[in-house]
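Comments concern the structure below.
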Amino acid sequence: MSDAVDGLPATTARAITIAALVGTLALAGYDRAVLGGIGIGLAFAAVSRWFAGPHRRVAVAAALLPVIVIGAVAGLARTLDPTSGALVVVASVTAAAAGATATGWPSSTAVRRIGTAAIIAAAVAAILAVLGHGIDTAGGIGPAAETVLWLPGSGISGVLVWIVAAGLALAVGSVALPSAAFTTPRYADSSIAMRNTLALTVVFAAGLAFVSLSVGTLFARYVFSMESLIAGVAGSGVARGLLAAVALFGVTLTALGLVVGYVWNLVADGSGAIVAVAVGTVFGTTGAFVGTVGAVAPGGQDDLVAPLFGAIAVVLGAGWLAMKHGTRLIAATPDPATVIAVGLAAGSVTVGTTSDAADVTVFGTVLPSLVALAAGLFVYDVGRYGRTLGREIGLEGASRRPQLVRVGWSGAVAAVGVPIAAGGLWIGTVLAPALSVPATAGVVAGVTAVVGGAWLLLR
């Protein structure tokens, strides 16, 4: 007999995954926006597994996490319908739990890294929201970039300011990251020496460019050809743009170094994955911002960028709080079956309680609600059985035959229950005008007693 484990055997896990898929697809029959929620949940489930892998995979996962959140927030914003929004959230959570059931619950290390990526992405998104507001205030990305490039001045003095800014930013950024972020202790001294040499080289090159341009400006008064050259450099947007890009790269390296240095000792993770998490998150969030600005700029919808990234910062911050306070609970008591069951039941109730009587149809409203509810009950029942089996026998020692018997029995009950429930709703709709309130209460009590008695007998 294998050791008892608090989890789900493979056969039960596959049955729960299929039932979750059936239930969420049934909800998609009521509102196609649910399909987007399913995609978001499955993507999050896949990415969350990568946080426990090698550092390169962790960096990719950290870059994809803010992109997934942006897609979720943008999808919810496009629905503009509370019912659709609620169903999208339900589908996302259900699909994520189903993915965790199929591939395995994230480890405590992965959960901690997800939380770290969430708080870093929240901070970056908040900064980008302010930047988006500035772009909107300036009248678009073009005017905003032009304002920044020419902010130090329109003459040669502006170019000199950009040379100093780019040189200092790149020099500081080259020494900002801790040596342990990208090398081993054996090569720490040589790494420090190499980075110091690089920083001095950058400072020397920037100083040489500054002095050369300053001296050239003085001699330009006497040499006509040099005067035209200096004027061309002073009025070149390309030169300013290149210097601004170098300065931005240096500032990014410096920010990463500060984040790594601050978070390194705060994260209970001895593998040093904070560098991969920080780098991936910053570049993923920034890339999503650039893509969003590029997508909305042609339509003149720059005013949407700041609210979108502000909402993303709030969502990621809330996710970080949830991960921080629930890491031990999430890692110690993995029960995705309960999450799936609650999600499907919530979706069923949402469909049933928000539909107008005039718009209710059998295939568009009744069946999606009942199928989702039946799938949720099936998942709860089978999941409880699977967890008990895992605790008492062990995941490896659990035989397929009893699992298949329980899955078949619960599935048969759910399959029979859906048409019976649909018929009951139809009868209730037909008799509703003829029944008084006491008579209706009596019918409900009688049906409840019959169902409860049958349940007790069948158990």
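Using the three backbone atoms N, Cα and C, a Cβ is placed for every residue, glycine included.
According to TrEMBL, the protein has these features:
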- 33-51: transmembrane segment (TRANSMEM)
- 83-102: transmembrane segment (TRANSMEM)
- 114-135: transmembrane segment (TRANSMEM)
- 155-177: transmembrane segment (TRANSMEM)
- 198-222: transmembrane segment (TRANSMEM)
- 242-267: transmembrane segment (TRANSMEM)
- 274-298: transmembrane segment (TRANSMEM)
- 304-323: transmembrane segment (TRANSMEM)
- 335-354: transmembrane segment (TRANSMEM)
- 360-383: transmembrane segment (TRANSMEM)
- 404-427: transmembrane segment (TRANSMEM)
- 439-458: transmembrane segment (TRANSMEM)
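With Cβ pairs under 8 Å as the measure, the transmembrane segment (83-102) is packed most heavily against 33-51, out of 33-51, 114-135, 198-222. Residues of the same chain lying 6 or more positions beyond the ends of the transmembrane segment (114-135) and with a Cβ under 8 Å from any Cβ of it are 48, 51, 61-62, 65-66, 69, 106, 141, 144, 259, 263, 267, 274, 277-278, 280-282, 284-286, 289, 293, 302, 305-310, 312-314, 316-317, 319-320, 323-324, 327. Listed by sequence, the residues of this chain that lie at least six past the ends of the transmembrane segment (33-51) yet keep a Cβ under 8 A from its Cβ atoms are 24-25, 27, 57-58, 60-62, 64-65, 68, 71-72, 75, 79, 84, 87-100, 102-104, 106, 109-111, 113-114, 117, 277, 347.
Only residues 6 or more beyond the boundaries of the transmembrane segment (155-177), in the same chain, are considered here, and those with a CB under 8 A from a CB of the stretch are 195-196, 198-200, 202-203, 205-207, 209-210, 213-214, 217, 230, 233-234, 239-240, 243-244, 246-254, 256-258, 260, 275.
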